[in-house]
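*Asks:* Okay, handing you the structure first.
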Amino acid sequence: MAAGVTYKDVFKVPEFRAMWLAELQSVAGDQLARVALSVLVFADTGSAALTGLTYALTFVPSLLGGLFLSGLADRFPRRELILWIDGLRGCLILLVAIPGMPFWSLCVLVGIVSLLQPVFKSAQVALLPDVLGEHRFSTGMAIRSITIQSAQMAGFAGGGLLIAVFNPYVVLLLDALTFFGSALLIRLRLQPRPAAAATETPGGRRNSREVWGLLFADRGMRTLVLMLWLMALVAVYEGMAAPYAALFGGGSVTVGLILAADPLGSVVGAFLFSKYVPEARRPALLGPLTIAAAVPVALCLLRPGIVASLILFTVAGAFGTIVVMQTTTAMTLRLPDARRGQAIGISNSGLTSATGLSPLAAGLLSDATNPATAIGAFGLTGTAAALLLAIAWARSNRPQPNLSTNSAT
């Protein structure tokens, strides 16, 4: 279905335009803030460890937020939840931007901002099918993927330039303004909607067990979740960029190129796939695409050199983003609206956890061997797992003729 849906069709929806622009501001602001915080903490403390801790605090608390708070996206109106989270994050970043803020206070504030991120994301993704309808949802998710990756690249690059011209405090103020701007757009342009699970008892183990059951009881849904999480194993090269570059005599420039390969591939892959692959064919391609995301990483076992590695990582990033985009789309449309936000939060928390643990495990393996062997081993393991998941997906897909519509729109 929706073979003729174009980017223009999606951008014709006023509410989507507001959500798109709001997220663009927030993502770019987040990346600016990460650069600014790293520079600010290192300048104040001179400690690489404390700088790393601060950077980690922009990610790690989001695991807890996804697991324990994402259900708020079902129990409260999603528009209002997005609005209040953006406003609160803007206020917290304003406090971070106060010169002379004690380090422990800065850590607490940054941690709270990170804790709220998965709730915002769960509410936003769960709201998109209501805004776009199922027939435009897949194209909307593609636009979202392209936007996020582009904003991340621009934010990292722009953050360095802005800090060079001004100072970290100005960049943090700019980040706060992006949150307030996002909240204003949501307030003015999105229609109020009732909470998806307003009549149900909030919280509780029963709801959590039900959501875990939704994600893993059905073989098709379980396969989608595992495909999503597998992409963290495949993207291990991002966390190993520095030692991998050093293996071939590269320095900071090479590290930057390795880190840029994935988002570059992501933008290109999401654009080409959403524009040229008919939606009716996308579910059948999900298995082969999962394999294709892992194979380039496995080729690192051959020590291909920096140039060839950059090509491999770009290809892996392209296919990996397509898999994340398609699995998220399919899961979102399969889930009941009253549990959609919490389920999305849990699945994304699994992806985030695996993304953080994979480089740690690869680093330990690298110490015993070398970075190329470690990354290649993860790619080889990912390829084997992808083969099994592709078979499971084909089997679960076969007896359900209506699945192509659900997972592609």
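Please read every residue number as a count from 1 along the shown chain.
Placed from the backbone N, Cα and C atoms, the Cβ positions cover glycine too.
Keep in mind that TrEMBL annotations are predicted by a computer and have not been checked by a curator.
In case it helps, TrEMBL gives these features for our protein:
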- 48-69: transmembrane segment (TRANSMEM)
- 169-186: transmembrane segment (TRANSMEM)
- 224-247: transmembrane segment (TRANSMEM)
- 253-273: transmembrane segment (TRANSMEM)
- 285-304: transmembrane segment (TRANSMEM)
- 310-333: transmembrane segment (TRANSMEM)
- 345-366: transmembrane segment (TRANSMEM)
- 372-394: transmembrane segment (TRANSMEM)
*Asks:* Under 8 angstroms for C-beta pairs, at least 3 of them, ignoring pairs fewer than 6 apart in sequence. Is the transmembrane segment (372-394) in contact with the transmembrane segment (224-247) by that rule?
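*Replies:* When sequence-distant Cβ pairs are counted, the transmembrane segment (224-247) touches the transmembrane segment (372-394), since at least 3 lie under 8 Å.
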*Asks:* Look at every Cβ pair spanning the transmembrane segment (345-366) and the transmembrane segment (285-304), keep those 6 or more apart in sequence, and say whether at least 3 of them are under 8 Å.
*Replies:* no
*Asks:* Cβ under 8 Å to the transmembrane segment (169-186), counting only same-chain residues 6 or more beyond its ends: which ones?
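*Replies:* Here the qualifying positions are 18-19, 21-23, 25-26, 28-30, 32-33, 35-37, 40, 79, 82-84, 86-87, 89-91, 93-94, 96-97, 99, 159, 162-163.
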